[in-house]
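> Let me give you the structure first, and then I'll get to my questions.
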Amino acid sequence: MEVRTDMYNTNPDGTRDYLSVGMASVPTIYAFFAVCYVVFLAGWLYVTLHRNRLSAHRIHHLMSGLLVARMLYCISAAEDQHYIRTAGTPHGWDVMFYLFQLVKGVILFAVIALIGTGWSFLKPFLQDKEKKVLMVVIPLQVAANIAAAVVGETGPFLQGWVTWNQIFLFVDVACCCAVLFPVVWSMRALRESSKTDGKAARTLAKLMLFRQFYVAVIGYLYFTRIIVYALKTITNYKYRWVSVAAEEVATMAFYMFMFYMFRPAERNQYFALDEDDEEAAEMALREEEFEL
(Lines of atoms letter the chains of each structure in order from A and count residues from 1; the text may use other names and numbers.)
(Lines give C-alpha, C1' and ligand atoms only; values in the text may rest on other atoms or scores of the structure.)
Protein backbone atom coordinates (compact mmCIF):
# COMPACT_ATOMS: atom_id res chain seq x y z
CA MET A 1 0.00 0.00 0.00
CA GLU A 2 0.99 3.62 -0.38
CA VAL A 3 0.65 6.05 2.50
CA ARG A 4 1.04 9.83 2.24
CA THR A 5 1.61 11.75 5.45
CA ASP A 6 1.60 15.55 5.72
CA MET A 7 3.08 17.19 8.82
CA TYR A 8 2.55 20.93 9.16
CA ASN A 9 1.60 23.74 11.48
CA THR A 10 -1.34 26.03 10.76
CA ASN A 11 -0.67 29.76 10.59
CA PRO A 12 -3.18 32.29 11.99
CA ASP A 13 -4.37 33.04 8.44
CA GLY A 14 -5.10 29.37 7.82
CA THR A 15 -2.10 28.62 5.57
CA ARG A 16 0.13 25.64 6.17
CA ASP A 17 3.70 25.90 7.44
CA TYR A 18 5.60 22.69 6.71
CA LEU A 19 8.71 23.73 8.65
CA SER A 20 8.94 22.98 12.34
CA VAL A 21 8.49 25.82 14.80
CA GLY A 22 12.22 26.05 15.46
CA MET A 23 13.08 26.27 11.75
CA ALA A 24 10.45 28.80 10.69
CA SER A 25 12.97 31.68 10.78
CA VAL A 26 15.63 29.88 8.72
CA PRO A 27 14.53 31.18 5.26
CA THR A 28 14.70 34.76 6.56
CA ILE A 29 18.16 34.16 8.08
CA TYR A 30 19.56 32.82 4.81
CA ALA A 31 17.93 35.65 2.82
CA PHE A 32 19.45 38.24 5.16
CA PHE A 33 22.94 36.81 4.80
CA ALA A 34 22.51 36.52 1.03
CA VAL A 35 21.96 40.29 0.94
CA CYS A 36 25.00 40.76 3.22
CA TYR A 37 27.18 38.78 0.81
CA VAL A 38 25.92 40.84 -2.13
CA VAL A 39 27.08 44.00 -0.34
CA PHE A 40 30.32 42.29 0.71
CA LEU A 41 31.01 41.18 -2.87
CA ALA A 42 30.29 44.66 -4.27
CA GLY A 43 32.76 46.22 -1.82
CA TRP A 44 35.41 43.57 -2.52
CA LEU A 45 35.10 43.99 -6.29
CA TYR A 46 35.47 47.75 -5.89
CA VAL A 47 38.71 47.22 -3.97
CA THR A 48 40.18 44.55 -6.29
CA LEU A 49 39.02 45.90 -9.66
CA HIS A 50 39.15 49.66 -9.09
CA ARG A 51 40.80 51.17 -6.03
CA ASN A 52 43.72 48.71 -5.66
CA ARG A 53 43.55 47.04 -9.05
CA LEU A 54 47.34 47.08 -9.57
CA SER A 55 47.94 45.42 -6.19
CA ALA A 56 45.37 42.63 -6.71
CA HIS A 57 46.69 39.12 -7.28
CA ARG A 58 45.12 35.92 -8.54
CA ILE A 59 44.29 34.83 -5.01
CA HIS A 60 42.14 37.96 -4.58
CA HIS A 61 40.09 37.06 -7.64
CA LEU A 62 39.67 33.52 -6.31
CA MET A 63 38.41 35.08 -3.08
CA SER A 64 35.85 36.96 -5.19
CA GLY A 65 34.71 33.59 -6.52
CA LEU A 66 34.35 32.38 -2.92
CA LEU A 67 32.00 35.28 -2.13
CA VAL A 68 29.94 34.53 -5.24
CA ALA A 69 29.68 30.86 -4.26
CA ARG A 70 28.71 31.73 -0.69
CA MET A 71 26.10 34.23 -1.89
CA LEU A 72 24.55 31.68 -4.26
CA TYR A 73 24.60 29.09 -1.48
CA CYS A 74 22.62 31.41 0.83
CA ILE A 75 20.15 32.25 -1.95
CA SER A 76 19.55 28.59 -2.80
CA ALA A 77 19.27 27.70 0.90
CA ALA A 78 16.72 30.49 1.44
CA GLU A 79 14.65 29.37 -1.57
CA ASP A 80 14.94 25.71 -0.56
CA GLN A 81 13.65 26.38 2.97
CA HIS A 82 11.01 28.83 1.70
CA TYR A 83 9.43 26.31 -0.66
CA ILE A 84 9.60 23.58 1.96
CA ARG A 85 7.85 25.93 4.37
CA THR A 86 5.06 26.91 1.98
CA ALA A 87 4.63 23.77 -0.16
CA GLY A 88 6.31 20.95 1.71
CA THR A 89 8.80 20.23 -1.10
CA PRO A 90 11.87 22.19 -2.26
CA HIS A 91 10.78 22.30 -5.95
CA GLY A 92 14.29 21.44 -7.12
CA TRP A 93 16.09 24.04 -5.03
CA ASP A 94 17.64 21.24 -2.97
CA VAL A 95 19.74 20.33 -6.02
CA MET A 96 21.04 23.90 -6.28
CA PHE A 97 21.59 23.96 -2.52
CA TYR A 98 23.83 20.89 -2.53
CA LEU A 99 25.59 22.04 -5.71
CA PHE A 100 26.58 25.42 -4.26
CA GLN A 101 27.36 23.79 -0.93
CA LEU A 102 29.92 21.68 -2.79
CA VAL A 103 31.31 24.64 -4.75
CA LYS A 104 31.68 26.97 -1.76
CA GLY A 105 33.23 24.19 0.33
CA VAL A 106 35.85 23.39 -2.31
CA ILE A 107 36.70 27.05 -2.94
CA LEU A 108 36.85 27.87 0.78
CA PHE A 109 39.34 25.13 1.60
CA ALA A 110 41.34 25.94 -1.54
CA VAL A 111 41.52 29.63 -0.55
CA ILE A 112 42.60 28.79 3.01
CA ALA A 113 45.27 26.40 1.71
CA LEU A 114 46.53 28.85 -0.94
CA ILE A 115 46.66 31.77 1.49
CA GLY A 116 48.55 29.50 3.85
CA THR A 117 51.14 28.82 1.15
CA GLY A 118 51.45 32.51 0.26
CA TRP A 119 50.56 31.73 -3.36
CA SER A 120 50.45 34.68 -5.78
CA PHE A 121 51.09 37.40 -3.20
CA LEU A 122 54.33 36.01 -1.69
CA LYS A 123 55.39 33.58 -4.42
CA PRO A 124 54.06 32.83 -7.92
CA PHE A 125 54.26 29.04 -7.68
CA LEU A 126 53.37 26.10 -5.44
CA GLN A 127 55.81 23.52 -4.14
CA ASP A 128 55.10 19.85 -4.71
CA LYS A 129 53.96 19.22 -1.14
CA GLU A 130 51.56 22.18 -1.37
CA LYS A 131 50.11 20.84 -4.61
CA LYS A 132 49.60 17.48 -2.92
CA VAL A 133 47.60 19.16 -0.15
CA LEU A 134 45.24 20.64 -2.75
CA MET A 135 45.03 17.30 -4.56
CA VAL A 136 43.93 15.73 -1.26
CA VAL A 137 41.63 18.48 0.04
CA ILE A 138 39.54 18.98 -3.11
CA PRO A 139 38.55 15.29 -3.59
CA LEU A 140 37.90 15.00 0.14
CA GLN A 141 35.56 17.99 -0.02
CA VAL A 142 33.69 16.41 -2.93
CA ALA A 143 33.34 13.18 -0.96
CA ALA A 144 32.24 15.07 2.18
CA ASN A 145 29.53 16.95 0.28
CA ILE A 146 28.25 13.76 -1.37
CA ALA A 147 28.01 12.18 2.08
CA ALA A 148 26.29 15.32 3.41
CA ALA A 149 23.71 15.15 0.60
CA VAL A 150 22.97 11.50 1.34
CA VAL A 151 22.64 12.20 5.07
CA GLY A 152 20.52 15.30 4.50
CA GLU A 153 18.07 13.77 2.02
CA THR A 154 17.56 10.43 3.75
CA GLY A 155 17.31 9.17 7.31
CA PRO A 156 18.07 6.22 9.57
CA PHE A 157 15.66 4.08 7.53
CA LEU A 158 18.29 3.92 4.77
CA GLN A 159 20.66 1.01 5.04
CA GLY A 160 24.14 2.42 5.57
CA TRP A 161 22.89 5.84 6.74
CA VAL A 162 25.02 5.69 9.88
CA THR A 163 28.05 4.80 7.74
CA TRP A 164 27.47 7.81 5.47
CA ASN A 165 27.19 10.04 8.53
CA GLN A 166 30.50 8.73 9.87
CA ILE A 167 32.14 9.21 6.47
CA PHE A 168 30.98 12.82 6.38
CA LEU A 169 32.36 13.55 9.85
CA PHE A 170 35.68 11.81 9.20
CA VAL A 171 36.27 13.43 5.81
CA ASP A 172 35.30 16.88 7.08
CA VAL A 173 37.75 16.62 9.98
CA ALA A 174 40.46 15.37 7.60
CA CYS A 175 39.96 18.44 5.39
CA CYS A 176 40.13 20.75 8.39
CA CYS A 177 43.45 19.22 9.43
CA ALA A 178 44.92 19.18 5.92
CA VAL A 179 44.41 22.90 5.23
CA LEU A 180 46.41 23.81 8.34
CA PHE A 181 49.64 22.23 7.06
CA PRO A 182 50.43 24.96 4.47
CA VAL A 183 50.07 27.67 7.13
CA VAL A 184 52.49 25.86 9.45
CA TRP A 185 54.94 25.26 6.58
CA SER A 186 54.86 28.97 5.67
CA MET A 187 55.50 30.01 9.26
CA ARG A 188 58.46 27.64 9.52
CA ALA A 189 59.87 28.81 6.19
CA LEU A 190 59.59 32.45 7.25
CA ARG A 191 61.28 31.70 10.56
CA GLU A 192 64.16 29.95 8.81
CA SER A 193 64.55 32.72 6.23
CA SER A 194 64.72 35.36 8.97
CA LYS A 195 68.08 33.93 10.03
CA THR A 196 69.70 34.64 6.66
CA ASP A 197 67.88 37.35 4.70
CA GLY A 198 68.52 40.24 7.12
CA LYS A 199 64.90 41.43 6.91
CA ALA A 200 63.70 40.60 10.40
CA ALA A 201 61.06 43.37 10.55
CA ARG A 202 59.32 42.24 7.39
CA THR A 203 59.57 38.61 8.41
CA LEU A 204 58.10 39.41 11.83
CA ALA A 205 55.14 41.17 10.18
CA LYS A 206 54.52 38.15 7.96
CA LEU A 207 54.84 35.74 10.88
CA MET A 208 52.35 37.72 12.97
CA LEU A 209 49.92 37.81 10.08
CA PHE A 210 50.16 34.07 9.44
CA ARG A 211 49.89 33.31 13.15
CA GLN A 212 46.69 35.36 13.41
CA PHE A 213 45.35 33.61 10.33
CA TYR A 214 46.27 30.20 11.79
CA VAL A 215 44.41 30.96 15.03
CA ALA A 216 41.41 32.35 13.13
CA VAL A 217 41.16 29.22 10.93
CA ILE A 218 41.32 26.92 13.95
CA GLY A 219 38.71 29.00 15.78
CA TYR A 220 36.38 29.07 12.78
CA LEU A 221 36.66 25.34 12.10
CA TYR A 222 36.21 24.50 15.79
CA PHE A 223 33.15 26.74 16.13
CA THR A 224 31.38 25.59 12.96
CA ARG A 225 32.13 21.88 13.55
CA ILE A 226 31.85 21.53 17.34
CA ILE A 227 29.93 24.46 18.81
CA VAL A 228 27.29 24.55 16.05
CA TYR A 229 26.77 20.78 16.38
CA ALA A 230 26.40 21.22 20.15
CA LEU A 231 23.82 23.97 19.62
CA LYS A 232 21.83 21.67 17.34
CA THR A 233 21.92 18.97 19.99
CA ILE A 234 21.21 20.84 23.22
CA THR A 235 18.90 23.71 22.22
CA ASN A 236 15.16 23.47 22.65
CA TYR A 237 13.23 22.49 19.50
CA LYS A 238 11.77 25.99 19.37
CA TYR A 239 15.24 27.46 18.89
CA ARG A 240 16.69 25.20 16.24
CA TRP A 241 17.29 28.32 14.10
CA VAL A 242 19.96 29.49 16.59
CA SER A 243 22.52 26.99 15.27
CA VAL A 244 21.94 28.18 11.68
CA ALA A 245 22.27 31.82 12.68
CA ALA A 246 25.39 31.12 14.76
CA GLU A 247 27.08 29.33 11.87
CA GLU A 248 26.29 32.12 9.41
CA VAL A 249 27.47 34.83 11.83
CA ALA A 250 30.72 32.96 12.48
CA THR A 251 31.28 32.44 8.74
CA MET A 252 30.67 36.10 7.96
CA ALA A 253 33.04 37.17 10.75
CA PHE A 254 35.76 34.79 9.52
CA TYR A 255 35.36 35.97 5.92
CA MET A 256 35.58 39.61 6.94
CA PHE A 257 38.72 38.92 8.98
CA MET A 258 40.38 36.91 6.22
CA PHE A 259 39.50 39.34 3.44
CA TYR A 260 40.62 42.34 5.50
CA MET A 261 43.94 40.79 6.54
CA PHE A 262 44.82 39.72 2.99
CA ARG A 263 43.26 42.57 1.05
CA PRO A 264 45.20 44.05 -1.88
CA ALA A 265 47.11 47.15 -0.80
CA GLU A 266 50.15 49.03 -2.00
CA ARG A 267 51.68 49.07 1.48
CA ASN A 268 50.30 46.16 3.45
CA GLN A 269 51.52 44.66 6.70
CA TYR A 270 54.31 42.80 4.93
CA PHE A 271 56.18 46.00 4.09
CA ALA A 272 54.78 48.55 6.54
CA LEU A 273 57.81 48.40 8.85
CA ASP A 274 60.89 50.53 8.29
CA GLU A 275 64.50 49.56 8.83
CA ASP A 276 64.61 51.07 12.34
CA ASP A 277 62.49 48.17 13.59
CA GLU A 278 64.99 45.50 12.53
CA GLU A 279 66.71 45.10 15.91
CA ALA A 280 63.44 44.88 17.86
CA ALA A 281 62.07 42.40 15.31
CA GLU A 282 65.14 40.20 15.61
CA MET A 283 64.62 40.00 19.37
CA ALA A 284 60.95 39.15 18.92
CA LEU A 285 61.77 36.39 16.47
CA ARG A 286 63.95 34.74 19.09
CA GLU A 287 61.11 34.58 21.59
CA GLU A 288 59.39 31.28 22.28
CA GLU A 289 55.99 32.58 21.18
CA PHE A 290 56.94 31.97 17.56
CA GLU A 291 58.14 28.43 18.17
CA LEU A 292 55.92 25.90 16.41
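Each Cβ is built from the backbone N, Cα and C atoms, and glycine gets one as well.
Copied straight from TrEMBL:
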- 28-269: domain 'GOST seven transmembrane' (DOMAIN)
- 29-47: transmembrane segment (TRANSMEM)
- 59-78: transmembrane segment (TRANSMEM)
- 98-121: transmembrane segment (TRANSMEM)
- 133-152: transmembrane segment (TRANSMEM)
- 164-187: transmembrane segment (TRANSMEM)
- 208-229: transmembrane segment (TRANSMEM)
- 241-262: transmembrane segment (TRANSMEM)
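Are these features on the surface or tucked inside, and what touches them?
Long-range contacts of the transmembrane segment (133-152) within the same chain: residues 98, 101-102, 105-106, 109-110, 113-114, 126, 158, 161, 164-165, 167-168, 171-172, 174-175, 178-179, 181-182, each at least 6 residues beyond the stretch ends and with a Cβ under 8 Å from a Cβ of the stretch.
Residues of the same chain lying 6 or more positions beyond the ends of the transmembrane segment (164-187) and with a Cβ under 8 Å from any Cβ of it are 109, 112-118, 122, 129-130, 133, 136-137, 140-141, 143-144, 147-148, 150-151, 154, 158, 207, 210-211, 213-214, 217-218, 221, 225, 290, 292.
Listed by sequence, the residues of this chain that lie at least six past the ends of the transmembrane segment (241-262) yet keep a Cβ under 8 A from its Cβ atoms are 22-26, 29-30, 33, 36, 40, 44, 59-60, 63, 66-67, 70, 74, 111-112, 115, 121, 209, 212-213, 216, 219-220, 223-224, 227-229, 231-232, 235, 269.
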> Excluding the flanking five residues on each side, which residues at least 6 beyond the ends of the transmembrane segment (208-229) place their CB within less than 8 Å of a CB in that stretch?
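Apart from its flanks, the transmembrane segment (208-229) reaches 112, 115-116, 172-173, 176, 179-180, 183-184, 186-187, 190, 243, 246-247, 250-251, 254, 257-258, 261-262, 269-270, 290.
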